[in-house]
Structures are given as C-alpha cells and as structure tokens.
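Enquirer: Quick paste of what Swiss-Prot says about this protein:
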BINDING   Asp129, Asp158, Leu159  S-adenosyl-L-methionine binding site
Amino acid sequence: MTVPNDDTWGPATSVGTTATMAAAARAIATRDGVINDPFAEPLVRAVGVNFLTRWAIGELVASDVDVEGSPWGLAQMPASIAARTRYFDEFYADAAAAGIRQAVILASGLDTRAYRLDWPAGMTVFEIDQPAVIEFKTTALARLGAEPKADLRTVAVDLRDDWSTALATAGLDSSKPTAWIAEGLFGYLAPEAQDGLLDAVTALSTPGSRLGSEAVPNTADMDPHAARERMRAATAKWRDHGFELDVDVISFAGERHDVGAYLQAHGWTTVATPMAELLADHGLPAIARADDDRQTMNGVTYYTSTLGTGRQR
C-alpha cells in the first residue's frame, strides 16, 4: 500500500473509484432484476468515470474487456455484488425486526440503503465516509429528488481519524443496540487498522448490537509481485479503454486476524457465510476458480455477529 495516510478521495479517485465500480455492478444487477437499487445507475452517471458509466448502462460488455475465464474481471462482479447487497439488506431487515433502531454504515460510499430500504419508524441511519464522498452523494441524490426513508445523519470523517467522537456528536446513543455494517471495507485497511476499527465498534456497542462484515483473507505468504502481475494482466484491456485501477496501491496485504475469531474473543457470537455459499443460496452463478482464491471474491467471508453480555473491552 503506497497511499499516504493523509490521502483523501472522492468517488472518482483512489479508493473511491471502487465504490463507483460497486455501484455500477448494482446498476447491472438491478437491470437484470436481481436486486433493486434505482439510484445506482444515476449515481454512476453523476460520478462521470466514462468506463464505469458505459459498463453500468450496458454500452460496454464485460467480455470486451475481460481476459477470458479470469476470476478478476468485470463479468463476475454483478453477481457477487448483488449477493453481498442482498446479504446486508437482509441483515438490516433482521436487525430492525429485532427492535434495533440505530444503523451505522461504515465507509458508506455510494450506498443508498437509507433511501431505498423500508425502515421502521424511529430508525436513525448514520453514514460515515470521506467528506468529498458524503458531499457528492448527498448533493447528487438531492438533485434526483431522492429522500431518505429514515432519519439520516451523515458523518463526514475519515475512518483513519477520530470517527468515534464524530459519530457520538452526530447522535449515536451507545447505550442502545446498534446495527453496524462494514461492506467492502477491510481490504482497504491495514491489518492493525482493521483490528482498531473492530475495537472501536465494540467499545461503542451495547449487548444486543449486531455487526455485518465482509472479511478478506490473509495474504501475508503471497508473492506480492506475482499477485500484482496477475491482476495487471487480467485488467490489461481495462487500461486500453482508459480505465486503470491499481488495486495493489489502494489495498493492504499482510497478516490479518480472522474477523470471526477476533470478534468472538471480544464478546461477539458470529455466523460465517463464504461467498460461494452466498451465491448458491441466491441462485447466482459461481465465480471462476483461481490458483489462489484469496485474490478473488471466492476468498471473501461474510459474518453476522451479535454482542453478548460478556464482552471484552
């Protein structure tokens, strides 16, 4: 990872581009009737990254820019993003049904759950992300005439800064259960920052709180040069179309704690769902296998965790 600690971004640059790519995949999955995110395509258009806009609206076909059979291409993204979208949608529906009335979306990006989910009365949704990302999405959705279906509190702060204080200032009541999600986030945090975020979530949570998270595997023993070259070869045609996303620059490798085990050690109970199982559960196509699936979405695991009464501070 070479991004400096003081780097910032919007939805068209650096890490923010990955949020726009995910929104483009949601736009395709929406058009295919797999999920329903009516704001995904308009937001991608508003960001203005030509490659992603063309893909989102169907002008660019994945087979035109993917290496045939590659597990790293665009072709697998709509299904995998749709599966995780359903997972976290259902996570919030279950949390609300259990009486939780505070939701926190960490690194919210172009997430539109505050606007598209049917929240119960009294629900407060907190979105945390970079100031430029928050400002862009809020402005773009207002121009579309979209209105949140819950009490939406935007928290414009970098997760590398004191976001806990900013969240409390925005009105989070840590004496009441909270439903948190960390979707598409941990791969862009250093291993120690991942632990720090989980510690902060635990400190701000009361028993009965829930956390939905997307966990990436350990890659400490991988040859970083070989991994980088495999990714660059798989995305070579993207660059031919004017789009380059150097995942090696914006993501972190290294030895990570297993998210499920780490949370259990801090008082949470966890239920794990591997990506392959999630895709199968929703009748979605499997992702092509790789020599080492830790570099693909096949290596991702989803956790639903609940904080018990014996948590470890």
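Note that the numbers count up from 1, one per residue, in the order the chain is shown.
Any Cβ shown, glycine's included, is placed from N, Cα and C.
Source: prediction; values computed, not measured.
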Enquirer: These are the binding-site residues: Asp129, Asp158. Which one scores highest on other Cβ atoms within 10 Å?
Expert: Asp129
Enquirer: For Asp129 (S-adenosyl-L-methionine binding site), name the DSSP secondary structure in the helix/strand/coil scheme.
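Expert: Where Asp129 (S-adenosyl-L-methionine binding site) sits, the three-state DSSP reduction gives strand.
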Enquirer: Please work out the number of neighbouring Cβ atoms within 10 Å of the Cβ of Leu159 (S-adenosyl-L-methionine binding site), leaving out its own Cβ.
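Expert: So the Cβ neighbour count for Leu159 (S-adenosyl-L-methionine binding site) comes to 18.
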Enquirer: Give the maximum pairwise CA distance in Å, whole number, for the residues Asp129, Asp158, Leu159 listed as binding S-adenosyl-L-methionine.
Expert: 7
Enquirer: Name the secondary structure element type, per DSSP in three states, that contains Asp158 (S-adenosyl-L-methionine binding site).
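Expert: Reduced to three states, the DSSP call for Asp158 (S-adenosyl-L-methionine binding site) is coil.
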Enquirer: Inside 8 A of the center formed by the CB atoms of Asp129, Asp158, Leu159, which other residues of the chain have their CB, for the recorded S-adenosyl-L-methionine site?
Expert: Ala107, Ile128, Gln130, Val157, Arg160, Asp161, Trp163
